[in-house]
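Listed features, source TrEMBL:
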REGION    1-22  region 'Disordered'
DOMAIN    6-135  domain 'dUTPase-like'
BINDING   R55, S56, G57, N68, T72, I73, D74  substrate binding site
Amino acid sequence: MAAPGQTPAYAQPGDAGADLRSSESLVLGPGERALVGTGISFALPEGYAAFVVPRSGLAVRHGITVLNSPGTIDAGYRGEIKVPLMNTDASAEFRIEPGDRIAQLIVMPVSWAVFQAVEALPESVRGNGGFGSTGVRDGAPLESAR
């Protein structure tokens, strides 16, 4: 279901993400966040999920990003799709009008893991190295997190 002009659409052939549009007017001040309605709801086929991700132009040019990205929409959800946006710009507000493209929607097939409790894990080259353990540059691991 979609309000007029709100149906997600791919901007270019071959795009992975379909644009989601705002159904409301609001202003995001510096550092502010808001849950922005899109005026759409849909039923995904079983075995699929949709993921809401930022639009690169909004992020790079205006500091507008999607919180909880990617936002996961499960196949069983039937409510309105809303996008949690945040203005990360330290000084500029950002105005959103109905019809503005505010995020992208990526629909993908999903698979389900079978989880098992075990006493030990098999060895690997990486081991328990996490958060920055592979470094930024070849041969230069990061200092440990503070």
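Each residue, glycine too, has its Cβ placed from N, Cα and C.
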Where does T72 (substrate binding site) sit by DSSP, helix, strand or coil?
strand
DSSP three-state assignment for R55 (substrate binding site)
coil
Sort out the sequence-distant neighbours of R55 (substrate binding site) for me: same chain, 6+ apart, CB within less than 8 Å of its CB, listed by position.
G17, D19, I64, R101, I102, A103, Q104
